[in-house]
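Below: one structure, written as structure tokens.
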Amino acid sequence: MGVGLVTIPVLIKHLGTDRFAVITIVWMLIGYFSLFDMGLGRALTQLIAGKIGKDRYEDVAGIFWTSMSLILACSAAGALLFAMIASPLVHSILKVPLAFQHETESALYVTALSIPFVTLTSALIGVLTAYHRFDIINAIRIPMGTYSYAAPLAIIPFSNNLIPIIAALLIGRIITFGIHLHYCFKIAPDLRKRVVLETSIIKPLFRFGGWMTVSNILGPFMVYFDRFLIGAVISITAVAYYATPYEIITKLWMIPGALMNVLFPAFAANHAENPSHTAELFHRAVKYQLLGIFPLVFVIVAGAHQGIALWLGHTFADNSFRVLQWLAIGVFINCLAQVPFSFLQGVGKPDITSKLHIAELLLYIPALWFLVKAAGINGAALAWTGRVAVDSVLLFYATRRSFTSRSGVSLTTGICAIAAIACLVGIVVLPQWDVSFAIFAVMLIALMTAGWKLLLSVNERSYLVGKLSALKSAK
């Protein structure tokens, strides 16, 4: 997030708002490319984690190479498909200015080459996850995330053309793939020694991956479709005003993302044999994210206009601050929903999340279209947040059948979560910012105090106090 805060103003200044909007779309597409693994990456993680849990390491190589071969074939087809739609996307769908339509089209062709590397890297991360090597995953993710912003910054002194900028991003994806592959071979040497294909696991892979594919396609589609609709209905400039706060606020997803990488294999391994322990893991994950993420989102929502004005100027702030506020609320809600989402997939029920996404899509697209037409990019942000709120409620409800005694979340935690969301919405809808900030600053203190006393157990509070004392002593 810090790198983005520094580099985005520089990129907008040198490239212009329209070209920067194209880069944000490319960033979005690179993130969306994981859908072309047909859900096999997540299936790969589950199968390998199961084999490791049973000490059947000799079976891992067959699962690995079979999955990687299938993912390569699917992603190559996806790259070809994307290259075929690049031209109509630029000339007919997005309102790209005529002056750099050809440049944008060529940049999208380069982007298409990233698809196999992105999807295969996602699968390799799944292997490292199955081996619980989160240290390696995070050690790679941070510098490569920095590279995504730093690479365009390194190019602009020499050229503001999109093609070399996107090519630099492609090189970064190739390097990322190579690094992940190296560490997979390092922690599992048998993968390098035994290159084997197991046709018997293709059916189990696609059985699990089939429903995952539905979620992989519809989930990111609903997350990112708003940018395409804004570009088609309003302008490519409006995409920049929308996507810039989006790029920053969604970096908060790294917090639940790191936690879910740990919990996904834990849910898969423990639910059948120790459901009470799984329920406790579930509840702790929700309340820790509530306590950890809410203060950050509160500050962002309360100081949205002032923050963007200092960062990108008053013109940008006037266009984007309301977008940032609504998206921040949506990201907060979605961070909590990551727990039931990972749980349902970890215990082998990806069909539930997929069916929910299908139902949500039927409501979201018309709502998004209506709100974009009625309220522009602010309407798009409101529609996005409304969708993730509905998604969160449905996901938590869907987990109730998987726990015998409770839904996995205590009544106290649920009430605190609702109060936190109401607090954030209040900041947005109250007309006088100064008054609302004073009122809700008091509410923030009250909520955090209540969270400390009501959500955390005596042992948890003692542990945190001990950690804080140790930090003070170290200083």
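Glycine is no exception: its Cβ is also placed from the backbone N, Cα and C atoms.
Copied over from TrEMBL, here are the features:
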- 20-40: transmembrane segment (TRANSMEM)
- 60-86: transmembrane segment (TRANSMEM)
- 106-131: transmembrane segment (TRANSMEM)
- 138-156: transmembrane segment (TRANSMEM)
- 162-185: transmembrane segment (TRANSMEM)
- 221-242: transmembrane segment (TRANSMEM)
- 248-269: transmembrane segment (TRANSMEM)
- 290-312: transmembrane segment (TRANSMEM)
- 324-344: transmembrane segment (TRANSMEM)
- 356-375: transmembrane segment (TRANSMEM)
- 411-430: transmembrane segment (TRANSMEM)
- 436-456: transmembrane segment (TRANSMEM)
In the same chain, which residue numbers or ranges, 6 or more beyond the ends of the transmembrane segment (290-312), come under 8 angstroms Cβ to Cβ?
5, 8-9, 12, 244-245, 249, 252, 255-256, 318, 320-322, 324-325, 328-329, 331-332, 335-336, 413, 416-417, 420, 423-424, 427-428, 433, 437, 440-441, 444, 447-448, 451-452, 455-456
What same-chain residues lie close to the transmembrane segment (411-430): Cβ under 8 Å, and 6 or more beyond its ends?
283, 286-287, 290, 294, 297-298, 301-302, 322, 325-326, 328-329, 332-333, 336, 389, 436-437, 439-440, 443-444, 447, 450-451, 454-455
Please indicate, using numbers and ranges, the residues of the same chain that are 6 or more beyond the transmembrane segment (221-242) and have a C-beta under 8 Å from a C-beta there.
12, 17-18, 20-22, 24-25, 28, 31-32, 93-97, 316, 319-320, 323, 357, 360-361, 364-365, 368-369, 372-373, 376-377, 380-381, 383-384, 387
Are there 3 or more C-beta pairs under 8 Å linking the transmembrane segment (324-344) with the transmembrane segment (162-185), counting only pairs at least 6 apart in sequence?
no
